[in-house]
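Straight from TrEMBL, the features:
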- Asn83, Lys84, Met85, Asp86, Asn153, Val154, Gly155, Lys156, Ser157, Ser158, Gly205: GTP binding site (BINDING)
- 36-209: domain 'CP-type G' (DOMAIN)
Amino acid sequence: MRLASRALWAAAGVAWRESFPLGGRDVARWFPGHMAKGLKKMQSSLKLVDCIIEVHDARIPLSGRNPLFQETLGLKPHVLVLNKMDLADLKEQQKIIQHLEGEGLKHVVFTSCVRDENVKQIIPMVTGLVGSSRRYHRGESLEFCAMVVGIPNVGKSSLINALRRQHLRKGKATRVGGEPGITRAVMSKIQVCERPPLFLLDTPGVLAPRIGSVEMGLKLALCGTVLDHLVGEETLADYLLYTLNRHQLFGYVQHYGLGGACDDITSVLKQVAVRLGKTQKVKVLTGTGDVNVIQPNYPAAARDFLRTFRSGLLGPVMLDRGVLQSPLVAEP
């Protein structure tokens, strides 16, 4: 059984291209001050750090990383942390690593900061890389300092807090949220380990100035790197349904108690709304006067569909499966 939805047009780059709000210069508008200013602050702080820790979403390991990180911060040792592995289908983990090695990324760690999974691997990797590389502007200091970078909402602050839990047995040092935009500026140094003494600089999430394709933009939006209303919750729900059907992941059928898999987002959202009681009264003008009609609340149903996916209740998903099957190293 292989289903698709109207979002197939988006995957082909045909239908939503003109209306999709994340193309070209529009990316910078949704997150004021975080593009150029954030990157400039990172560059100005670069002399203070020994290593770059880039955090990205494990569900899109080959899509959406900001190439400017490598271009502007690439002189330092680089560790890529693919976070949220508990939400990702990692059956082809070795192939992911091979793709990344082809891009020159040889130090990759898959983590789940919610479960503190694999977090302990990071500090030994960072200190090992710094110890075997040229250390800039260090003087007599024995401290290690790393800068944590990444696009919005991939878990940078969560990683810092997880490292503190693991190595200092201390609570939160940075604010964590489920929406992009929590970290607004490069912060002062945060200690995450005593032996060796390691400090981290948290930074705001910075998207690439231009998103390579419509489908890449939709994948980024599904992972919460941009605010849903800028794309449209129903548009995102449609692309999510397409993706689940394309990968034959029908957990949504069982979760919502549907009669079967479906490729029509309107039908799915209607059933979801009715099942969850997300309906609304609407006045309809008829020949005999106004009549109150109960209609499904499609935006509310779409929000629940997206929330359920993001919380992992529909099962692990690899949004970059198509990229892994491609002979190309990564999407543009």
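Backbone N, Cα and C define each Cβ position, glycine as well.
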Residues Asn83, Lys84, Met85, Asp86, Asn153, Val154, Gly155, Lys156, Ser157, Ser158, Gly205 binding GTP per the record - widest CA separation, whole Å: 21
Neighbour tally for Asn153 (GTP binding site), based on other Cβ positions within 10 Å of its Cβ: 25
